[in-house]
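S.K.: Quick one: the structure is below, questions incoming.
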Amino acid sequence: MEDASLKSFLEKVGYRVVDRTLSREYEVARLIAETQGCGPPLLARIEGVRQPVAVNVVDTREKLYKALGVTGDSEAYAKIVDSTMRPGRLEYVDKPPLDEMPEGFEGLPAARFYEGEAGLYLSSGIVIACYEGVCNASIHRLLILGRERAAIRIVPRHLWHLYRKARERGEDLPATVVVGLHPAVLLAAATSPPLGVFELGLAAGMLGGSMKVYRSPVHGNPVPLGAAMVADVWITGEQVEEGPYVDALLTYDRVRRQPVVRLEAAYIKEGEYTHTIMGGSLEHVNLMGFPREASIWEAVRRALPRVRAVRLTPASGGWLHAVIAVEKQHEGDGKTAIMAAFAAHPSLKHVVVVDSDVDVDDPMQVEWAIATRFQADKDLVIIPRARGSTLDPSAADGLTAKMGLDATKPLDAGMGYERGRIPGFKWGSRRCHQPGD
């Protein structure tokens, strides 16, 4: 691929321009909340940000398909899994012309999205870091503290590993924050491949097998060509209180002591579009959950070859609850799918397995399957005090009770398990059809 520009992607799929400048204080949030899931991506001006800012770039599954160049879930999952196993090639090129951004962190498209949040948050930045030969790219929220200071939320995964390695040697971790990229790069940065598998290689695989990158001006970290904003930073040993922040579940994540990021230099690439994401928005949920759906799909498929659909539900932040549709071959397949899903995505809390005649995107059909095909004394799986998600406020100690519901019908099920059929009508379709429509 020539570059990983967000602008080139938006020009390909189409977008709509918002004809006013938005305040960082809640106006950006209202625009996202009012328009998400409806229509094309939007391009707006935000006060204090030099470049046009895109929102709702991949707030629907259809937009994710376009970002990956596929037409449906299975093809998308296969591309993500294949890119993880066989990453693409990074082609190093000369650094493009970049303009210094004297506003520093204050020039990033950060905003205050919810009442009670700690300040202006940026949730669309990819943090790229290389240390002792291991490179990582992942998405982390930044709380803007001033022109040269921000707080970063780091969970104990791969960036945390690199950060701890640096701190054990008394060093700050050199990193690069990149904003405004093709959504496939964001999707790759939201995956969790094994430590040492560089997420930019996954992005290259998703974008056709190769991706052009250049070295950041100060630290020399790889940056995808076409990035709108680039900031070389140090993740320091200093810590400050970070939060509250409204996360994927639309609840206020608790306040923690988190590292301070110190700015070394910030740059913009003229003519590009940058990007902001609201915590808990459909775009946030899609980017977080879709790679985990691919992991669940692959894990369950290895155990049961006929997996028809996987869905991490939007109401659970695309994170805690899964619905999986399968075609059973043997009794017990439902429980096998439950255990495979929990192993593939340790943050899962509840899993419902249904037959392939149930639409996983229709909560009424899923509840119907539970009502008609589930018995708690034989179809329920409970795993007490297992590792949970820090996003779940009811799992304060990091442990949770996991529950799986096998809502599949018996293999010898008779007509009593079938839903009534009306020729020419599909359950879940539009309810308010009028004669003549």
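In case you wondered, yes, glycine gets a Cβ from its N, Cα and C as well.
Pasting the relevant annotations from Swiss-Prot:
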BINDING   N136, E199  Mn(2+) binding site
ACT_SITE  D247  active site, proton acceptor
S.K.: Pick the one among the recorded positions N136, E199, D247 whose Cβ has the fewest other Cβ atoms within 10 Å in this structure.
M.R.: D247
S.K.: According to DSSP, folded down to helix, strand and coil, what is D247 (active site, proton acceptor)?
M.R.: coil
S.K.: Compute the C-alpha separation of N136 (Mn(2+) binding site) from the residue listed as 'active site, proton acceptor', stating it in Å without decimals.
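M.R.: Rounded to a whole number, the Cα-Cα distance is 22 Å.
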